[in-house]
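Feature annotation from Swiss-Prot assigns S-adenosyl-L-methionine binding site to Gly117, Ile137, Gly138, Asp139, Tyr140, Val141, Leu142; the stated evidence is sequence analysis.
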Amino acid sequence: MWIGIISLFPEMFKAITDFGVTGRAVKQNLLQVQCWNPRDFTHDKHKTVDDRPYGGGPGMLMMVQPLRDAIREAKATACKEDGVEAKVIYLSPQGRKLDQAGVQTLATNQKLILVCGRYEGIDERLIQTEIDEEWSIGDYVLTGGELPAMTLIDAVARFIPGVLGKQTSALEDSFAEGLLDCPHYTRPEVLDGLPVPQVLMSGHHEQIRKWRLEQSLKRTWLRRPELLDSLALTDEQRVLLNNIKKRHKSVNSRT
């Protein structure tokens, strides 16, 4: 996958390109990350990249010309080799909230360009003419789009074949099937008097699978019940969830 970044602070993306799973993916050429700084497209000696908003008000906007030129340069670079255009995404609090389904959809793209805003945002006309989609990582405001962009890259990279040791790791993560992840355990067998669930050491794969599914359903129902509203549960999942609710009700009735 190729990802282009439009940012006033491209150095921040060393956290993605130089470290961890994504850094390894870059070294293996499974993920290519290329940055453009709008400051490099300015025409004045001060390299100005902000401008006043029409209508007044607090704050500044990103200057149109350097930002647009940077985006267009990234677009041209994206399709230079094979003619495949990149989807251009603006990280914005007004965008669609990023979730696992969205991550999986974005991961199907060969190329993405991520535009990181600063100040109070960017000119609406640039959104209309240069941006394909707006995405948000949550209902809160940050000082820029770099951290949301890194979050998106990290999440999407997990679905690039070869990035994870086992591709099933991405498929078994929290939200991969709409459910929260089950609990995980490693050595020692007993930690501060708390033992590993016996079923996980039984070697019985079907029992382990069923236990993990039950734990995922229980955790989702207790912590994020709204996630269950949009799921089409299997017969097995419905039976397990009903049993979980009955046991929970029984325990509460005794307390």
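Cβ coordinates are placed from backbone N, Cα and C, and glycine is handled just like the others.
The most crowded of the binding-site residues listed here (Gly117, Gly138) is Gly117, judged by how many other CB atoms sit within 10 Å of its own CB.
Counted within 10 Å of its Cβ, the other Cβ atoms near Tyr140 (S-adenosyl-L-methionine binding site) come to 7, all protein chains included. With all protein chains in the displayed structure included, the most crowded Cβ environment within 10 Å among the binding-site residues Ile137, Val141, Leu142 is that of Ile137. In the three-state DSSP classification, Ile137 (S-adenosyl-L-methionine binding site) falls within coil. Around Asp139 (S-adenosyl-L-methionine binding site), the C-beta neighbours below 8 angstroms that are at least 6 residues distant in the chain are Pro93, Lys97.
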